[in-house]
């Protein structure tokens, strides 16, 4: 035991000259001079306060967005040290936060898929706002703005929400065939991502009613009910989000709830007098300088561009659907929505194509 203790102390002593790594990527600039030397920091008696908006900040796919963050002292004083700023993204499943950006003064580093897209906006004194360009579906969520002044460390959270649409999805194989990882891939293949609970709740508040359970981004399985009924939890339960809770991500199988945001291009319909097979439909879109549309793109065009077409058309996954914003006779139910004919193995239809602007 004594030999083990001695060896441990020798190892610590031999490594004491290395910069300390604290998870904030400040190991090379631990003090104001940036030379790694020890420095005594005295408490100045002022309270550091960090403030972000209480209301969500809204954006859309492909846009640029600023997440406001400001700090001050109570009582007010002049900061004599270089302020350290860290932005991180909170995860839906409450695991380790995702590093977005760290900065000291005018020097900053962005991480992961935020490289080249994130920078600080310091247009005014004591501003630490984060600017994200070319917003992506995965950027939706909560962000922590953390300000470090010496030994003082304060933070606040800002909520970035993408304007989008949630849609239920099941593959051609049928109902309840996807484990969590397959559900993630299925949504990505349709130009979408797995929806968060907040996104599903927003869709439910706007009228989404679906009796099949589906995966969400946090690994839970839930479904939205507006009109209680016996097969959907029972007649006597109130409307709301029904939850199966966390499920095993490999073993359990359900459908998926996908989330897609505004489009960077347009969805349009092509027809042929005799209709088209799926392969002919794909070729027709290519001939028009486009590609066959994905399910998420059709939902986005219906939601944000008002696409209304009472003609069934092929989509990339082999399904046949059509979008209705103004319900009318011979065009399905009396509510707006994207109608589906499923995955026909035979038949000839038109096609919905997608083209980038």
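Note: Cβ is positioned from N, Cα and C throughout, glycine not excepted.
Curation plays no part in TrEMBL annotations; they are all automatic predictions.
What TrEMBL says about this one:
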DISULFID  211-232  disulfide bond
DISULFID  310-331  disulfide bond
DOMAIN    47-158  domain 'Ig-like'
DOMAIN    165-260  domain 'Link'
DOMAIN    266-355  domain 'Link'
SIGNAL    1-15  signal peptide
### Query
Where residue 331 (disulfide bond) and residue 232 (disulfide bond) are concerned, what is their Cα separation in Å, rounded?
26
### Query
Can you give the mean pLDDT for the domain 'Ig-like' (47-158), rounded to a whole number?
92
### Message
Give me the DSSP three-state residue breakdown of the domain 'Link' (165-260), ordered helix, strand, coil.
### Response
22 helix, 30 strand, 44 coil
### Message
Per DSSP, what is the helix/strand/coil residue tally across the domain 'Ig-like' (47-158)?
### Response
6 helix, 58 strand, 48 coil
#### Entry: Distance from residue 310 (disulfide bond) back to residue 232 (disulfide bond), taken between C-alpha atoms, in Å
29
### Query
Rounded to an integer, what is the Cα-Cα distance in Å between residue 211 (disulfide bond) and residue 310 (disulfide bond)?
25
### Task
Within 10 Å of the Cβ of residue 211 (disulfide bond), how many other Cβ atoms can you find? Include all protein chains, please.
14
### Message
I'd like the per-state residue tally for the domain 'Link' (266-355) from DSSP, helix first, then strand, then coil.
### Response
20 helix, 26 strand, 44 coil
### Around the Cβ of residue 331 (disulfide bond), the count of other Cβ atoms that are within 10 Å
15
## Note on the structure
disulfide-bonded residues considered: 232, 310; fewest surrounding Cβ atoms within 10 Å belongs to 310
